[in-house]
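What follows is a single structure, written as structure tokens, with notes after it.
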Amino acid sequence: NPCCDAATCKLKSGSQCGHGDCCEQCKFSKSGTECRASMSECDPAEHCTGQSSECPADVFHKNGQPCLDNYGYCYNGNCPIMYHQCYDLFGADVYEAEDSCFERNQKGNYYGYCRKENGNKIPCAPEDVKCGRLYSKDNSPGQNNPCKMLCSNEDEHKGRFLEQTGRGKVCSNRQ
């Protein structure tokens, strides 16, 4: 390391730092230099302070802050909305399904439920149907499935947390 004296394991005279995201040529990076890029609208970029070689802690916007033109709300640095979850699970040309698909979540069976309690599938209340199993519409050529779902015994593929489900309502804890 050109900033350190190998014999003493200390910084050389005139060096402020030897490593770090905010260390350039043995000096602290200028204040305002980006050291961690934004990962989403809810995760702002971090910038060097000019007083340290380390990038400040990764911080997110407060959970519940509106994002994506008020379509969703920030949650742990992301703006979770159903379109993104459909895309993540099924790929391009797949979108949130029609409301009628989500009504299946009132049945409390493998094909539709809100949550599990002691192994039992609990149906969604009518106002919570978009907080249960996720349904997507596949617009790919040759596909004709308006209510596509991931067939899995796992309980993770649910409507995303903190998405607006109408008139200021959001999903939280699958309700």
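Heads up, residue numbers simply count up from 1 along the chain you see.
Backbone N, Cα and C define each Cβ position, glycine as well.
Because the structure is a prediction, the values reported are computed rather than measured.
The record in Swiss-Prot pairs Cys48 in a disulfide bond with Cys22, which is drawn from Cys17, Cys22, Cys79.
The disulfide entry in Swiss-Prot for Cys3 points, among Cys23, Cys26, Cys35, Cys42, to Cys26. Reviewing Cys79, Cys86, the cysteine that Swiss-Prot connects to Cys67 via a disulfide bond turns out to be Cys79. Between Cys101 and the candidates Cys42, Cys55, Cys147, Cys151, Swiss-Prot records the disulphide pairing with Cys147. Classification of Cys131 (disulfide bond) by DSSP places it within a helix. Within the set of binding-site residues Asp43, Glu46, Asp58, Val59, the entry lying nearest in space to Cys114 (disulfide bond) is Asp43 (CA atoms).
Taking CA atoms as the reference points, Cys42 (disulfide bond) and Cys79 (disulfide bond) are 6 Å apart.
Of the recorded residues, Glu46 (Ca(2+) binding site) and Cys124 (disulfide bond) place their C-alpha atoms 40 Å from one another.
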